[in-house]
Amino acid sequence: MGVKGLNQLIKEHSPHAYKEFELKNLFGRKVAIDASMCLYQFLIAVRQSDGQQLTNDEGETTSHLSGIFYRTIRMVENNIKPVYVFDGKPPVLKGGELEKRLLKREEAQKQIDNLKDDASVSDMTKYQKRLVRVSRDQNDEAKKLLELMGIPYVNAPCEAEAQCAELARGGKVFAAASEDMDTLCYEPPQLLRHLTFAEARKMPIDQITYKEAIQGLDMTKEQFIDLCILLGCDYCETIKGVGPVTAYKLIKEHGSLDNIVKYLQENPDKTKYKVPENWPYNEARQLFMKPEVLPALEVELKWKEPDLDGLIEYMVKNKGFSEDRIRSGAEKLKKGLKAGIQGRLDGFFTVVPKYSNTSPLGKDDKKRKTNDKKGAAAKKTKRR
């Protein structure tokens, strides 16, 4: 579900935390991708002209495999090394959100059943997209394809976005890639959005720098997590009527969710906001503060040469894809992976910022400048 309104708040208070660029600007980077979110996007977006998902002759859905295969190749061709991270067992607190999603799918099915025979393709597609969920079989199929492509994947013990953030924090990858803004609650140095969107959509990639985001909001890590819970996350409902502006104001005024809850409960006559009964906000906070993840140091990532014979057997003979296209894709993949990361200059050197004539100098800089002048004067005296 993500965090409602967080994008808006960061853009307003921390515009410097945002960057937009093209895929090629990630040249030489390793990126951890939220696979479950990625597959969900492919099942929705990769469709035939009549709005139906891609299927093979046996009627099996193949949209997710097409998406993984071609988008991964596109990244590798741009000298990006992706690693896909799959969800593990969801936290107990997420049960309520999962139940809501199930109810929405059931409602969408009712709408489809009630559509008349002459219903438009767009109406049918709209409700069909609401039925989409990533099955266990589809996850397994994607893993098999990645293995044959030589692309590493990680099975997270719990939430995929938390594991992506852990890999980024641990230096295994440059950034976490997910559409879910709650990924920022797990402190990835960088969050990438729209990375796996279709090229035809011409959507730039968003990069959000975590440290700059919370600095602009003038919040601690704990306050940022409290803000996200107040805005609404997957783990618990929010306080009815509290939107982004009010949530930000409450955190700034009271300092923490604990103080906000206490104030609202002790002053029911002074506010229209009611705290939900038995609201598990503290449990939600702990899931963000101490997520269940594999330590980055224990995760080994290896990119290998694709198994062409295996790809032909699986994608062509089993899944009905065009052999010419799979061979062509495999060749591009092989070429891209063989080239490897040719290197970014900032990967080999520590970039030292230059001081401009207009930039203020700190105390240490002023001392250094004074000492440099003294040293230069001494050299002139010696030369004389």
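One is the number of the first residue shown, and numbering goes on along the chain from there.
Yeah, the Cβs are placed from backbone N, Cα and C, and that goes for glycine too.
Taken from Swiss-Prot, the feature Mg(2+) 1 binding site covers D34, D87, E159, E161. According to Swiss-Prot, the DNA binding site annotation covers R47, R71, E159, G232, D234. Annotation comment: Swiss-Prot describes D180, D182, D234 as Mg(2+) 2 binding site. Among the features that Swiss-Prot reports, compositional bias 'Basic and acidic residues' is placed at 362-375. Taken from Swiss-Prot, the feature region 'N-domain' covers 1-105. What Swiss-Prot records for 123-254 is region 'I-domain'. The feature region 'Interaction with PCNA' is assigned by Swiss-Prot to 341-349. Here Swiss-Prot flags 354-384 as region 'Disordered'.
Residue environment of D180 (Mg(2+) 2 binding site) contains 22 other Cβ atoms, counted within 10 Å of its Cβ in all protein chains.
Reported as a whole number, the C-alpha separation between D234 (DNA binding site) and D182 (Mg(2+) 2 binding site) equals 9 Å.
Between the alpha carbons (Cα) of R71 (DNA binding site) and D182 (Mg(2+) 2 binding site) lies a span of roughly 24 Å. D34 (Mg(2+) 1 binding site) falls within a strand segment according to DSSP.
Cβ crowding, taken as the number of other Cβ atoms within 10 Å, peaks at E161 among the binding-site residues E161, D234.
Distance between Cα atoms for D182 (Mg(2+) 2 binding site) and G232 (DNA binding site): 10 Å, as a whole number. Taken residue by residue with DSSP, D234 (DNA binding site) is part of neither helix nor strand, so it is coil.
Secondary structure from DSSP puts D182 (Mg(2+) 2 binding site) in a helix. R71 (DNA binding site) falls within a helical segment according to DSSP. Other than the site residues D34, D87, E159, E161, same-chain residues with C-beta atoms no more than 8 angstroms from the centre of those residues' C-beta atoms, the Mg(2+) 1 site, are S36, M37, V85, A156, A160, A162, Q163, C164, S178, D180, T183.
When pLDDT is averaged over the region 'Interaction with PCNA' (341-349), the result is 50. In the three-state DSSP scheme, E161 (Mg(2+) 1 binding site) is classed as helix.
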